[in-house]
Amino acid sequence: MAIERTFSIVKPDAVSKNLIGAIYNRFESAGLKVIAAKMLHMSSEQAAGFYAEHQGKPFYDGLVSFMTSGPVMVQVLEGEDAIRRHREIMGATNPKEALAGTLRACYAESIDRNAVHGSDAPASAAREIAYFFSDDEICPRG
């Protein structure tokens with residue numbers, strides 16, 4: 001397997017519960033290295049742009065509202081098969097369907113407030129990383 005990068009968000013619900021450290025511990029325990037990270041409070045414009053592919057869907061307005069409701073942590077993770085591994089750690093989008101021990105099974109409140117976001121493919125990972133980070137903000141750790 002090749003070393004790859006993925007994009008991740010610790011969403012406002014998890015940040016407000018002080019779960020950043022616990023979530024980062026899960027990433028690192030699974031062999032994923034945090035190579036860029038920052039806390040920010042997304043503006044409506046940032047959230048709308050990030051989730052533009054969902055515009056017009058019934059959940060879009062609620063998603064933008066939720067993602068702007070408080071601070072988030074955005075990060076780039078690097079490791080072997082990082083996209084798949086990160087998605088396994090997160091669990092199913094709906095926490096009721098998430099396997100026991102996954103982040104969403106442990107920390108999500110609902111399908112709408114599901115603690116974390118992760119890229120689903122190499123193309124989306126590249127796009128999402130570039131949305132929040134410039135190349136000089138990414139620090140490979142070897």
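Positions of Cβ are set from backbone N, Cα and C atoms, glycine also.
Since the structure is predicted, the reported quantities are computational estimates derived from the model, not experimental observations.
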Candidate sharing the ATP site with Lys11, Phe59, Thr93, Arg104, Asn114 (per Swiss-Prot), from Arg85, Arg87: Arg87
Residue pair His117 (active site, pros-phosphohistidine intermediate), Lys11 (ATP binding site) - Cα distance, angstrom, rounded: 7
Which same-chain residues, if any, lie at least 6 apart from Phe59 (ATP binding site) yet have Cβ under 8 Å of it: Asp112
Extent of the ATP binding site in Å [max Cα distance among Lys11, Phe59, Arg87, Thr93, Arg104, Asn114]: 21
Among Arg87, Arg104, His117, the one of these recorded positions whose Cβ has the fewest neighbouring Cβ atoms within 10 Å: Arg87
